[in-house]
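Everything on this sheet refers to the single structure shown next.
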């Protein structure tokens, strides 16, 4: 009888515990759904109000030539605005109308910033700014006063920023008008662009492909013609990959060159692979103008941790011949046929223009990818990331990546022998171990710089991941290396995928012929007609030289197409 009573009580206690857990889970799910609904309602309301504002403006200004405004480059637009040939009102409403149309097709915007309409009333006070009257789009994780920076994570909703990020403040001081915020993947660390709050952003050249991540909303909006200048962030290629996928230009400056104040990461404190904000645009001159505008006394005053180095226009406009390192394959990830062809064609154009091209190969790629890059990014075994994802659904684009993070330690160690996920689940067991890893990163940076100097190269030409992926794929890229190294790096679109590229892809094997190579082949399949880009890299703090090199590539490609 006593045993039966104990068993009954135990059963009741277990069932009661189960009910408590179930109720908490249901309640958590309900709260998450309510948060998502509020965020979506805010987005929908901003889009509706923007549509109404555009209609009212068009009715009262029937002679505005929006089609012409949308064809102007950033330099042409700023000239006409400064001369008074165009008004900031005409430009903003033209781009707002185009953005609304692009968003309906691509789902690239998280909200229209209706404050931009009020800013029109005061923008004249910044008429001397380098970006006077220019509408600018910004990635959702850049703080904008009274708006959330969710990073696509439910737990970050309903926490509006108390003030603008430093970069937004500087943009406004330079006369720019931030008018729309753009989508990103859940938790940022992804090559896709989807989250449970705002959904999937698609590619402007093919809606069956992703726009890339994590600045995928920016890439899609600019590539679709809804913006001519945007600000993204880059921790592993998050500016350069969307730029490559969407057929635009993107630039990741030297880590620390632009202020990080007010930029929300998924988790703070990770130092091995630094993130950098940077511009995205249709052409390289626009990137350079944006960097010139941001690298000003106002930013240096707002954020004294940023070195006070104004943009060096003399270096950007230089025409001296360069000694350029180049590579088609880093020995770790075999590029797709179109990626490799893009590098070969640009190399030939540069040689014809009088530059010297020398072979180059990055050092120790098979060691630094798992030991320095992945272990640096996930030094806590992804614990912080998993905490951020609590209380809400995990997006399909993130599920394959997150799934192994929750395995118990013994299972992670067991699977590590299969060389599958050991680096993604690594946990530093002590502070000295983490310090040792940081020291190894420093050593690798110095070793790489010494290697560059032994090759006597000014800049580097290399592949960038592409063409645009199919949905739900992820693979190691050529971009994250330069986050680890802190080198400035940018992307220029140079070609499109051909039928011949697609035919050659059928024979793609990869460097290791493993699961990752197979996934990469599947990810880029079906890319005929999509943009192909190359990556340009320079040493730390030589951002202007990197942009000058990008400009050289852009001009030579344009001339070759004539």
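Even glycines carry a Cβ here, placed using N, Cα and C.
Within the listed segments 22-56, 57-91, TrEMBL records coiled coil for the stretch 22-56.
Taking the binding-site residues 236, 237 in turn, the residue surrounded by the fewest other Cβ atoms inside 10 Å of its Cβ turns out to be 236. Same-chain neighbours of the substrate site beyond 188, 214, 235, 236, 237, 238, judged by a C-beta within 8 angstroms of the site's C-beta center, are, in sequence order, 189, 190, 213, 215, 233, 234, 239, 241, 275. Listed by sequence, the residues of this chain that lie at least six past the ends of the coiled coil (22-56) yet keep a Cβ under 8 A from its Cβ atoms are 93, 96-97, 100, 103, 109-114, 117, 148, 150, 154, 157-158, 196-198, 391-393. Of all residue pairs in the substrate-binding list (188, 214, 235, 236, 237, 238), the one with the greatest Cα separation is 11 Å apart. For the coiled coil (22-56), the model's pLDDT averages out at 91. When the binding-site residues 188, 235 are compared by the number of other CB atoms within 10 angstroms of each CB, 235 has the fewest. It is 15 Å from the Cα atom of residue 237 (substrate binding site) to that of residue 139 (active site, charge relay system).
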